[in-house]
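> Sharing a structure, written as structure tokens. Questions coming.
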Ligand SMILES: Nc1ncnc2c1ncn2[C@@H]1O[C@H](COP(=O)(O)OP(=O)(O)OP(=O)(O)O)[C@@H](O)[C@H]1O
Ligand SMILES: [Mg+2]
């Protein structure tokens, strides 16, 4: 029993990162209407900048800063592609474009980072924060969850309380009408891409040391992130965050149940499937009325 | 004083010219009425003016500055406001939030309520839940809250009760008298001609009449002929 609890708690770091990535996905979807499959790849690019600089002898703190800046640049670059050429496209076309971009980024990333070539991923926040009922809570797990909560609160406050949030909500609903009343739509869209670029880069930096450290696996963390976003129905930041944490915890628990271990990666898939089926059931019920 | 001069404008839709060789002008204190049958290209023309779709040729000058290459947002900065066809309220935002999104200051929001007192009791209602007339007032109020110099209104009266239409017409006249330049696209030609100064009739993308509103007002047969084309 205690083993199960320990492994569940061990899944918290990943869960927090999934939640944070998921909240970013919801943020991007709600504000610029793109289901962004490149988010984790953008974060991975930032993380590799950190790793390469750190290996070259640059101290951790400036290297992290450079990694975050790289995340912002990568996010803004993707955002420019999406706003310049695909602003008028429908949601499924845009999603397809980001899938294509993901494939491109992973190919370039693998080439530049040398595939499975072992890199040293610095553990930004190692160590234990506290012990709870005999189970160790790591700093990084508390940090990702704390960051997830903070970002969720910030996103909520930004959208509901500020003038910029008002403009973002107008933009998300009718970009052209918003532009026609003087909302700086291009600036705001790019800002959204930049912010999510920085946040995803930071999430990836925290979670990378626990993962197989190649560009491809890290970029595919977008799958649990989108699964979390789906739990929040691409609308609720809080449900997404909770969903992400849950996915991490379930993943953690499967790692100690003999035989299930190999299927750990299937957890987000099963959750996506379950949510879709559940939604479908609702639709059928609607039709039946 | 503001003045917009459009010369030899061409606007394409899917590479086909929908608006061709259009020249028109409007200035502070004036309402230019733009008439034409369904599909004549009125909406396309306004969208070309505000930048919703790019123009394929010609010039748009506002106070001597060419704006036809600018993005819609920049044209707003030059003093243009476009009330699009079809009541483009932000449905998930309240009435008040719709106004605030377009307003430069709180006093502009207050003025909007003075102009359309009907909106005041609806201020915290989601705009998607307003009636058609309320939504139309809201989009006009929202455009005005940005203090434009030139206002383009597309199909102001579509789907509205005659009393509301008359009120809106009077309001637009009042705004023009206070110094706004207005381009008004209207199906109810008679009502628009009653408040307008200059009239343009568009047929298959070309201007076939350019003259005083009064002249068309007094000659309904002529207007009918202009709509349909004299030869056909
Ligand atoms: N998105 C579009 N793609 C292709 N053609 C279009 C598009 N929108 C309009 N058109 C065509 O352009 C022409 C002019 O349309 P427009 O909407 O400008 O006319 P209108 O004068 O505003 O008509 P209405 O009085 O019905 O609003 C029409 O022949 C129409 O078929
Ligand atoms: Mg029209």
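Every residue gets a Cβ built from N, Cα and C, even glycine.
Given the structure is predicted, the values throughout are model-derived calculations rather than measurements.
I grabbed these lines from TrEMBL:
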| type | residues | note |
| --- | --- | --- |
| TRANSMEM | A:6-27 | transmembrane segment |
| TRANSMEM | A:34-54 | transmembrane segment |
| TRANSMEM | A:60-83 | transmembrane segment |
| TRANSMEM | A:95-112 | transmembrane segment |
| TRANSMEM | A:132-159 | transmembrane segment |
| TRANSMEM | A:180-209 | transmembrane segment |
| TRANSMEM | A:215-234 | transmembrane segment |
| TRANSMEM | A:241-260 | transmembrane segment |
| TRANSMEM | A:266-283 | transmembrane segment |
> Per the 3+ Cβ pairs under 8 Å rule, pairs at least 6 apart in sequence, do the transmembrane segment (A:34-54) and the transmembrane segment (A:180-209) touch?
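These two segments touch.
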> How about the transmembrane segment (A:215-234) and the transmembrane segment (A:132-159): do they have 3 or more C-beta pairs under 8 A, pairs 6 or more apart in sequence?
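These two segments do not touch.
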> Near the transmembrane segment (A:60-83), which residues from the same chain, at least 6 beyond its ends, have a CB less than 8 A from one of its CBs?
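Non-local partners: 32, 34, 36, 38, 42-43, 45-50, 53-54, 94, 97-98, 101, 105, 122, 124, 186, 189-190, 192-198, 200-202, 205.
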> For the transmembrane segment (A:180-209), which stretch among A:6-27, A:241-260, A:266-283 has the most Cβ pairs under 8 A?
A:6-27
> Please identify the stretch among A:132-159, A:241-260, A:266-283 with the greatest number of Cβ pairs below 8 Å relative to the transmembrane segment (A:6-27).
A:241-260
